[in-house]
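Participant: Residues or ranges marked as domain 'Smr' by TrEMBL: 592-677. Among the features that TrEMBL reports, repeat 'PPR' is placed at 163-197, 198-232, 233-267, 268-302, 303-337, 338-372, 373-407, 409-443, 444-478.
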Amino acid sequence: MSFHLCSSPSSLLHDPNLFSVHPKPTPRTFVSSYNPNSPPFHSRNLLQIIHVSIQEAVPQETHIEKPKLDAASKRNAWVNPKSPRASQLRRNSYDSRYSSLVKLAESLDACAPNEADVSHVITKFGSNLFEQDAVVTLNNMTNPENAPLVLINLLETVKPSREVILYNVTMKVLRKSKDLDKAEKLFDEMLQRGVKPDNATFTTLISCARQCGLPKRAVEWFEKMPSFGCEPDNVTLAAMIDAYGRAGNVEMALSLYDRARTEKWRIDAVTFSTLIRIYGYSGNYDGCLNIYEEMKSLGVKPNLVIYNRLLDSMGKAKRPWQAKIIHKDLISNGFEPNWSTYAALVRAYGRARYGADALVIYREMKEKGLELTVILYNTLLSMCADIGYVDEAFEIFQDMKSCGTCEPDSWTFSSLITVYSCCGRVAEAEAALLEMREAGFEPTLFVLTSVIQCYGKAKQVDDVVRTFDQVLELGIEPDDRFCGCLLNVMTQTPREEIGKLIECVAKAKPKLGHVVKMLVQDESCEEGVLKKEASELIDSIGSDVKKAYLNCLIDLCVNLNKLEKACEILQLGMECDIYSSLQSKSATQWSLHLKSLSLGAALTALHVWMNDLTEAALTSGEEFPPLLGINTGHGKHKYSDKGLAAVVESHLKELNAPFHEAPDKVGWFLTTSVAAKEWLESRRSSGEVSA
C-alpha cells in the first residue's frame, strides 16, 4: 500500500487516489531539489522537496495503477524529522548554507585588509557564491576596512544582476562603524562604475550621517536625491525632521513635521526629542509640552533623553511645577533618573527658587554617589542666597570643597558672601572674602556690593565708606546696582551718619547724590523741582533698578519724617508706570495693592489712598462700594522677620482704622463702606491730615 503525503491538508481530503496500491513493493525514496551549486532560495529557512513517497510492500496480485502526483505534491512533502534522511536534508538546507556564509563573513572580517587575503578566504569557501550569498556575506560583516575589498571581489566573481544592492549592503557595514567618509567614497566609486543609486543608497547615507552626529551632511544627501530620480519615502522624510532640526534649519524641520502629522508618518522617539529641543531653544515651552502630549497620544514611548530635555526646558521656562509632573511620569514609566535628569531638576528648582525641592534632589544625588559640577553647586548656592538659606549654603559650600572633583570659583564665593551679607553676618562674610582672595580670585563689583550691604545691615558705616574707597582704588566703576545698594544702606543708617554716605553716593553717581541732598535738607525746594530732578535720575538708570531706587528714596523720606516729599516721589513712580495698578475699583470693592512696595513706600501709598477716600466720600460725595480692602500679600522678607502685612496692620491699629484681617483671604484687610465713612468723618473732624 502506498501513501502519497503532501503538506496541504486539503490535498489529503480531495485526492481520489489517496489510498493507491502498487503491484510490487518499491523502496522508500527521498528526492530533494536542493543543489549546493544552484542559486539559493529567497528564504534561508525554506526547504524545498519536490517529491517524497513512502511505499510499503503489498501483495503482487493486487494491481492498481500508480497515481500521478499533482504539482503541489511535488513541491512540498512532509518528512519525519526522526528519519535518518531528515538530518541529511537539514544539512543540505539553506539554514546550513546561511550559517556557512556567516562564518565566511567572520573570516573576511578577521583577515588582513588586502585583496590577496580576501580572495584567498573566498576561494577557500569551496562552493560557488551566488548573488544572494554575496548579500548575506556582506550584510554580516563588521570590518569597514575589509568590506569594500570583499565588495570588489564579489562584483567580479558573482557578477550580480543588480550591483546597487551589494553597494548598499557594503554601505551598511560602514554605517555600523560610523565611517561616513568611507561610505561617501564608496558612493563615488559606485557612480564611476556606472551603478545608479536607489532610495536605499541615500537612506543608508542619511542614517549614517545622523549616527555620526553630522546633520548637515544628512541634509546634503537628502537634497541630492531628486537629481538621481529618487523620491524619499515617509521613513526617510520623518528622519529628516531630526536632521534638519539638528542642522539648524528649524523652518524646514517644522514644515516636515506638519506634513508628517497630516500624512500620518511614523515618527520615532529620536525625532520627537529633536522637536522638543527645537521648541526649547526657541523659547516655545508650550510647544515642548504639546510635542510630549502628541507623542504619547500616538503611542510613542518617551525615552530618558526626551524626559531630560523636557525637564531642561521647564527649568528654562521657570515652571518647576511642570518639572515635578514630568519627573513623576519618568519614575512611573519605569525609568531610573540619571545624572542629566538630576542636573536638569537642580537647575529647574534652583532657578525657580524651589528651595526644599532643590535640596531634596541635591541630597538624593549625594546618596547615589553622583558628582555635582561647579555650575550645579553654584546654582544651589545662588538659590540659597536669594531665599535666605544660610545654614544650607554653608553645608553645600563645605561639601563642594571636600568633594575632590571641583573647586569653588568666583561665582561660588560671590553667592556665599551674598548669603552672609544679607543677614548681616559680618565675620562670616569677611572670612569668605579672605578665602576668596587666597584662592586667587579678586572680588568683583558684585561681591563688594554684597560686602557693603553686610556692613550696612550691621550699621558699620565707616566700613561701608572704606569698602567704597576700595572700589574706586581698584579702578572699578560703580554701576546702578552698586549705587542702589548705597542708597539702601542709607535707609538703615542713623540720621547723624547719613552725611558720610551722601558723599559716597555723590562720587559714584552725582545725579543721585543731588536728589538725595534735596530729600535730606530741611528747607523746602521750589514746587516741582524735586520731581523734575528725580525724573531725570530715573530716566538715566536701567529699568531693572527703577523701582528699587524709588522705594529707597521714599523709605529715606519716611525715615526722616518728610512725608510730603515721599508723596511726590510716589506720584512720580505712578506717572512713570513704575508703580502700576496700586489702586483698583469695581462695583463691589475698592482696593489698595501694596505687595510690590517697600515698607516706607507702602505706608506712603496708604496715606495717599486714605486722602483719596476722604476726597471721594466727604468732598465729592461718591458712594463707596460695599467693601474696601488693602492687599499686602502674606509673605515676609527672606532675611527679616518683619512682613509688610504685620507693619501695615500695626499702622492701621495706630490710626484706629476699621480694617481687619480677612479670615478667608490671606494678606487682605477689609472693612465695610459704612465703617470706612464713619472713620473718615471722625478723622477729618479731629483735624488729622496724615496717616
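Placed from the backbone N, Cα and C atoms, the Cβ positions cover glycine too.
TrEMBL does not curate its annotations; it predicts them automatically.
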Participant: How does the repeat 'PPR' (198-232) divide up by DSSP, counting helix, then strand, then coil residues?
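Facilitator: With helix first, then strand, then coil, the repeat 'PPR' (198-232) has 27 helix, 0 strand, 8 coil.
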Participant: For the repeat 'PPR' (268-302), DSSP counts of helix, strand and coil?
Facilitator: 26 helix, 0 strand, 9 coil
Participant: Could you give the residue numbers and ranges of same-chain residues that sit at least 6 residues beyond the repeat 'PPR' (338-372) on either side and whose C-beta is under 8 angstroms from one of its C-beta atoms?
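Facilitator: For the repeat 'PPR' (338-372), the list is 304, 307-308, 311-312, 314-316, 318-320, 323-324, 327, 330, 379-380, 382-384, 386-387, 389, 392, 396, 399-400, 403, 405-406.
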Participant: Which residue counts does DSSP give the repeat 'PPR' (409-443) for helix, strand and coil?
Facilitator: 26 helix, 0 strand, 9 coil
Participant: How many of the residues that make up the repeat 'PPR' (233-267) does DSSP mark as helix, as strand and as coil?
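Facilitator: DSSP classes over the repeat 'PPR' (233-267) add up to 28 helix, 0 strand, 7 coil.
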Participant: What average pLDDT does the predicted model assign to the repeat 'PPR' (198-232)?
Facilitator: 88
Participant: Please list the DSSP helix, strand and coil residue counts for the repeat 'PPR' (303-337).
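Facilitator: So the repeat 'PPR' (303-337) is made up of 26 helix, 0 strand, 9 coil.
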